[in-house]
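Novice: Dropping a structure here in structure tokens format, bear with me for questions.
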């Protein structure tokens with residue numbers, strides 16, 4: 001049996017692969033048609049103009065469904081492993097809500113391009129990255145609470161490092177983006193798809209986009225840590241049969 005055939009491990013794998021494919025395909029189409037600059041555009045810029053925005057939107061909507069399924073399975077797994085731990089149950093429910101809000105934000109980003117509905121698009125991005133970052137933090141706290149009884153300490157440390165990576169990326173993105181939009185860098189900063197190194201605010205723009213891509217990669221890495229957990233039949237079996245060495 002292949003590793004992705006064990007339990008529900010295909011879910012986080014499919015989520016990461018499918019979402020990465022959405023980014024890559026829309027990026028390739030966008031730069032081929034000269035809709036964006038090759039050097040680190042905003043992720044959503046690669047799905048702003050047709051025809052790539054159609055592919056970007058459709059694939060991210062499917063990614064949102066895969067993300068909902070992954071988050072729900074993780075919620076059921078933690079609940080099954082800790083049926084009598086009230087503190088963990090409460091934290092787990094909070095994680096479920098945060099995760100679902102992040103998925104909802106991803107769908108908004110997919111369907112409302114920044115050049116058409118900028119305020120709505122930004123709200124979707126805040127939900128995706130903001131609630132998603134908090135979801136990662138909650139799951140890391142759960143990993144700490146569940147080690148070493150349920151899984152090894154290395155799982156907690158890997159997730160903690162990914163959360164730190166996520167936090168640094170989010171802080172860098174928010175700081176540089178705030179400086180970019182509050183400075184005197186022109187009125188078209190929000191709608192701009194092409195940047196020249198001589199443009200005012202170019203450095204801040206590059207820092208913001210690099211941080212956004214880095215933040216996305218931290219999400220990918222975090223969901224990949226679910227693969228080993230999901231290889232177990234984590235919903236129906238009792239906890240003592242599910243311990244991971």
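If you go along the chain as it appears here, the first residue is 1 and each next one adds 1.
The backbone N, Cα and C atoms fix where each Cβ goes, glycine too.
Since the structure is predicted, the reported quantities are computational estimates derived from the model, not experimental observations.
Relevant sequence annotations retrieved from TrEMBL are reproduced here:
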- 8-232: domain 'CWH43-like N-terminal' (DOMAIN)
- 12-35: transmembrane segment (TRANSMEM)
- 55-73: transmembrane segment (TRANSMEM)
- 94-112: transmembrane segment (TRANSMEM)
- 118-144: transmembrane segment (TRANSMEM)
- 156-182: transmembrane segment (TRANSMEM)
- 202-227: transmembrane segment (TRANSMEM)
Novice: Looking at 12-35, 94-112, 156-182, 202-227, which one has the highest count of Cβ pairs under 8 angstroms to the transmembrane segment (118-144)?
Specialist: 94-112
Novice: Under 8 angstroms, Cβ to Cβ: which one of 55-73, 94-112, 156-182, 202-227 has the largest number of such pairs with the transmembrane segment (12-35)?
Specialist: 55-73
Novice: Residues of the same chain, at least six outside the transmembrane segment (55-73), with any C-beta under 8 angstroms of its C-beta?
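Specialist: For the transmembrane segment (55-73), the sequence-distant neighbours (Cβ-Cβ under 8 Å, at least 6 residues beyond its ends) are 8, 11-12, 14-15, 18-19, 21-22, 25-26, 29, 46-47, 95-96, 99-100, 102-104, 106-107, 109-111, 135, 223, 226, 230, 234-235.
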